[in-house]
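Here the structure is laid out as structure tokens; the discussion comes afterwards.
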Amino acid sequence: MNAQFPAPAGTGAVPQRPVVLIGPMAAGKSFLALHMAKFYGYDFVDADQLIVSRHGVIAEIFARHGEKYFRDLEADTIAEVLRDPDHADAIFSVGGGAPMTPSVREALRHELVAYLEVDAATVLPRIRGSRSRPMLRPDPEQRWRELYEARRGCYEELADIVLDGTGDRPVAEIAAELHERITRLRTTPDTTQEVPS
């Protein structure tokens, strides 16, 4: 779990750094981030969309250059967004495998991270027959389970906020919870810091 990120006195709940949204593939991270942007005024930034806009379809990047090349692009994109003051008011959705890259994981230790937790029963209807997710080939259901088990500990370790995205919980309800918890974290003084005597 990361440190708290309180806002300076008098600034209320205005985010000063991006809130990084992590979780497994098909959890609904981008959909949640878009909802936060529309109804709570955050900027929407999605790492995968940035990569596609600059380098082309992710499945083709994997096919032509391999996973290592893609992970390097992804890490560079994430680092760029986190450095850019124009994205300080963003909900920043990153790919399911991004936190497994050591440089990304280290960067996220210094950010406010929200983990959208889902289970297989929630996700499997979304990925059955998927051809657009290279990491889920050749068997999307089995690969999703394997990847989730391999990555879940990392998600939990990085998370400042854990959101229950299982079942048919409405995105509006998840977004309201996330906004409330961001506000609370950013406006509560950090009592973990030692006060000099």
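Counting starts with 1 at the first residue shown.
Placed from the backbone N, Cα and C atoms, the Cβ positions cover glycine too.
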Among ARG64, ARG133, ARG137, the candidate listed by TrEMBL alongside ALA26, ALA27, GLY28, LYS29, SER30, PHE31, ARG169 for ATP is ARG133
Taking DSSP as the reference, which of helix, strand or coil describes ARG151 (substrate binding site)? helix
Quick one: what's DSSP say for ARG71 (substrate binding site), helix, strand or coil? helix
Cα separation, ALA27 (ATP binding site) to ARG151 (substrate binding site) (Å, whole number): 13
Here's one to test understanding: among the binding-site residues ASP48, ARG71, GLY96, whose C-alpha is closest in space to the C-alpha of GLY28 (ATP binding site)? GLY96
Taking every protein chain shown into account, which of the binding-site residues LYS29, ARG71, ARG133, ARG151, ARG169 has the largest tally of Cβ atoms within 10 Å of its Cβ? LYS29
